[in-house]
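J.: A single structure is presented below for examination.
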Amino acid sequence: MELDDASRHGFGRMGFGCKHYRRRCRIRAPCCNDVFHCRHCHNESTKDGHELDRHAVESVICLVCDTEQPVAQVCYNCGVCMGEYFCSACKFFDDDVDREHFHCQDCGICRVGGKDNFFHCEKCGSCYSVSLRDKHCCIENSMKNNCPICYEYLFDSLRETSVLRCGHTMHLQCFHEMLKHDKFSCPICSMPIFDMDKFLRALDAEIEANMLHIDYMGKGWIVCNDCRDTTQVYARVAGHKCCHCQSHNTCRVAAPVLPA
């Protein structure tokens, strides 16, 4: 029995695709002329490391009738919808609309999570959760870098990202792995990732009670990972405190070289 237009349109929904996306078409990569389910499948399979430009895709192959054709949401041969979500700018298809895709004009790509839940930060150059609006430290193009833990490019990564207090970014999964290994400072700038006030007050009290004068070894120089100030302090075994901002997030450095 021949399917009506509505049945034909929805035929095979969520039944085709790859590990990255549910879709009823494959794309022809203009860079190498090979066929892949998506750009991620292409990027994972190339031996020379070249990546597919999503905006350059010109033709797709319907997975229902195997017809190659120009990029469009509906197959012109069999009438099947090749992706319930379709972006003509990104040449992007996905049947899983629960992911709440939206296209950000400023980012120039499609994102997931619902347009109302995100805003585009002009300085950081990416979409962030509305919970971070006016509540994050801006770093220019902070998302257009590799994750400092796994080194995957963050801007168009499929994995969720986390914005640290200092403004640097990493994958949320990598952030949790870092905590499991008792790493509590940014791997890029060494600023603490949590509010350390309570811990530092306790450290001050411990130093005051147990380390008075007994372990002074002259003077030395420290650099503060919070305010970046370099100061000279009494050298201790532990607990060097920044004279500028009172932080203990410091490390020993060589004495500065004074001009002749």
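Positions of Cβ are set from backbone N, Cα and C atoms, glycine also.
Residues or ranges marked as zinc finger in Swiss-Prot (evidence: sequence analysis): 11-80, 82-146, 147-190. For Cys31, Cys32, His42, His50, the entry in Swiss-Prot reads Zn(2+) 2 binding site. According to Swiss-Prot, the Zn(2+) 3 binding site annotation covers Cys62, Cys65, Cys75, Cys78. As annotated by Swiss-Prot, Zn(2+) 4 binding site applies to Cys87, Cys90, His103, Cys110, with the evidence given as sequence analysis. Residues or ranges marked as Zn(2+) 5 binding site in Swiss-Prot (evidence: sequence analysis): Cys104, Cys107, His120, Cys127. Annotation comment: Swiss-Prot describes Cys121, Cys124, His136, Cys138 as Zn(2+) 6 binding site.
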J.: Which one is it, among the binding-site residues Cys121, Cys124, His136, that lies nearest to Cys87 (Zn(2+) 4 binding site) by Cα separation?
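T.: Closest candidate to Cys87 (Zn(2+) 4 binding site), judged by Cα separation, is Cys121.
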J.: Nearest to Cys62 (Zn(2+) 3 binding site) by Cα, among His120, Cys124, Cys127 (binding-site residues)?
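T.: When the Cα distances are compared, Cys127 comes out closest.
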J.: Long-range same-chain neighbours of Cys78 (Zn(2+) 3 binding site), Cβ under 8 Å, sequence gap at least 6?
T.: Arg8, Cys62, Val64, Cys65, Thr67
J.: Cβ-Cβ under 8 Å from Cys107 (Zn(2+) 5 binding site), same chain, 6 or more residues apart: which ones?
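T.: Expected: His120, Gly125, Ser126, Cys127, Phe155.
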J.: State the non-local partners of the zinc finger (147-190) in its own chain: residues 6+ outside its ends, Cβ under 8 Å from one of its Cβ atoms.
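T.: Contacts with the zinc finger (147-190): 20, 40, 107, 109, 124-126, 128, 132, 136-139, 196, 225, 249, 251.
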J.: Mind giving me a neighbour count for His103 (Zn(2+) 4 binding site)? Other Cβ atoms within 10 Å of its Cβ, every protein chain shown.
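T.: Around His103 (Zn(2+) 4 binding site), other Cβ atoms within 10 Å: 16.
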J.: If one measures from the C-alpha of Cys110 (Zn(2+) 4 binding site) to the C-alpha of His136 (Zn(2+) 6 binding site), what distance in angstrom results, rounded to a whole number?
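T.: For Cys110 (Zn(2+) 4 binding site) versus His136 (Zn(2+) 6 binding site), the Cα atoms are 23 Å apart.
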J.: Specify all same-chain residues, apart from the site residues Cys87, Cys90, His103, Cys110, whose Cβ lies within 8 angstroms of the center of the Cβ atoms of the Zn(2+) 4 site, ordered by sequence.
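T.: Close Cβ neighbours, site residues excluded: Ala89, Phe92, His101, Phe102, Ile109.
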J.: When neighbour density is defined as the number of other C-beta atoms within 10 angstroms of a residue's C-beta, which of the binding-site residues His50, His136 has the lowest density?
T.: His50
